[in-house]
């Protein structure tokens, strides 16, 4: 039964969502199980559906009416599903329980769609090349997939890839599994078929006989019989035990696109080709008994109904989908009916009976229909196309007649003329469908990224100024290492230092900055200096004003502190020694707040640093640490601990900014109108 869910009222001033169709098979199955009784004589039968909306409650699943295949024709489009990044859909396959639809695209991705609401569930990169075939085992425990490069992969039901084999050197076009799940067969563009042992993944035999690319293969539902179709226009039957070709059918005059055994009884074989026709072969007679016409262009794919053995659906290059009832001819006006070979006097030589579509969807897709698959219960047909759309089709509800004039039946232009399709509304609906799929994809875990961390500058630089490649923090966060972080593109570079004055005692290395080599000092003879160096009697350089002579060897005098010097050093005018250039612009003089104090004479050793030391936390008692951790947890901070560092010399702990909470993110999305409740 098809249901429609939508929001009846506005939420937060947002426009209401359009109705979203949801197909629920549970109610029809419960209705059937409740009213099913043995049909004795004069016993009342369940209520028959009539063309009225009040009979929707009396709808029953296809299994309840095996003899009424016409009631299971999927004539109505329910939903069109699109990926965020769109690729042509090569394979669609329902999961064995029918809860989800699996699609394989040319990008090698598996996408799972919900089987009732048709919304996006998950996506994964399954192959490195285009996926060409997908098949489940009869026990529903394993999934096999093949791709363009000839690789076959084993998957568990949770899509865990457990094995990968290189089956062919060229693209694999078909894949089929034996009824016992002990063997499987593959066909490829290398003109061969290969039979593999499922458990050991070893090749058992190679079937050769086709003269061109093999496009399709199928295993009989309960017999040891294989069928293959090739680009050489031939359909061949194979014995999987011996690998021998049993017979060859020559019914088509163009490359074969698809070959499929009828899944209920297995007596019929359906084939389609690029000659605009499909044929039904009776394997008991080894001849074609039905000729299916109606397609204006080549037929690419087919799908047998899982319950009705006389219902077959085909998809063509022009994007059309046709449904055939094999026991009804449905000839167009002016075409005389034909006789079935079963009713002819000479059944072996009688011509095939021509069957025309019972229902046609001329504009089902915009481009080639590559694949189709029926739901296990038989009430939904899924189709994948080169227009990058996965479309779901179902049977109409009693009293529903609007679908006859939709754009999938009569085309977009005719639907606009009749008022059943609005171009602007169609664009808006398509946009809303894409938004729905994007929201469904975003309903997973929110990527909780940390706030962007700018870098902390050096302790001797003022706020807003940092070393090259580093930037000052703007949000109060700290890096993992005290005072160090990643590079930023917007770092503030200090200006280059000015050229040194002529009286500077230690000139820079020659040509280090591109300047010419300065002349030697007056009164100095370079040759005399070289002789002093060679003899080892070179006197020490003169000391700056205010500095005493160095202590004797082994003395205990305190060495001068390393750069930068302590603040207010005596004898330093404006904090710099004589002859040194002034500090660059923005460089603080000694004594600037936050300037690190000099270390003690004997070094820190194992003692704890004093409060305010850069990159260190103040010493706390265990009770204070516990209270501080509880306070951080209450405020929602995501850690930091002893690695957070302190800001300058104030002794305060630099706390990490809180991670974005999902509830806050939800409120933010709702305030911006980009979030709607689950449908």
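For all residues, glycine too, the Cβ spot is worked out from N, Cα and C.
Database features, via TrEMBL:
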type: REGION; residues: 1-21; note: region 'Disordered'
type: REPEAT; residues: 82-114; note: repeat 'WD'
type: REPEAT; residues: 124-156; note: repeat 'WD'
type: REPEAT; residues: 165-206; note: repeat 'WD'
type: REPEAT; residues: 207-248; note: repeat 'WD'
type: REPEAT; residues: 249-291; note: repeat 'WD'
type: REGION; residues: 326-351; note: region 'Disordered'
type: COMPBIAS; residues: 330-339; note: compositional bias 'Pro residues'
type: REPEAT; residues: 362-393; note: repeat 'WD'
type: REGION; residues: 416-679; note: region 'Disordered'
type: COMPBIAS; residues: 432-444; note: compositional bias 'Acidic residues'
type: COMPBIAS; residues: 457-474; note: compositional bias 'Low complexity'
type: COMPBIAS; residues: 493-521; note: compositional bias 'Pro residues'
type: COMPBIAS; residues: 538-613; note: compositional bias 'Pro residues'
type: COMPBIAS; residues: 614-635; note: compositional bias 'Low complexity'
type: COMPBIAS; residues: 636-651; note: compositional bias 'Gly residues'
Segment confidence, the repeat 'WD' (362-393), expressed as mean pLDDT: 96
Segment proximity, the repeat 'WD' (207-248) to the repeat 'WD' (82-114), 3 or more C-beta pairs under 8 Å: no
Within-chain partners of the repeat 'WD' (124-156) [C-beta distance under 8 Å, separation at least 6 from its ends]: 90-91, 93, 95-97, 102, 104-110, 162-177, 179-181, 184, 186, 188, 196, 198, 201
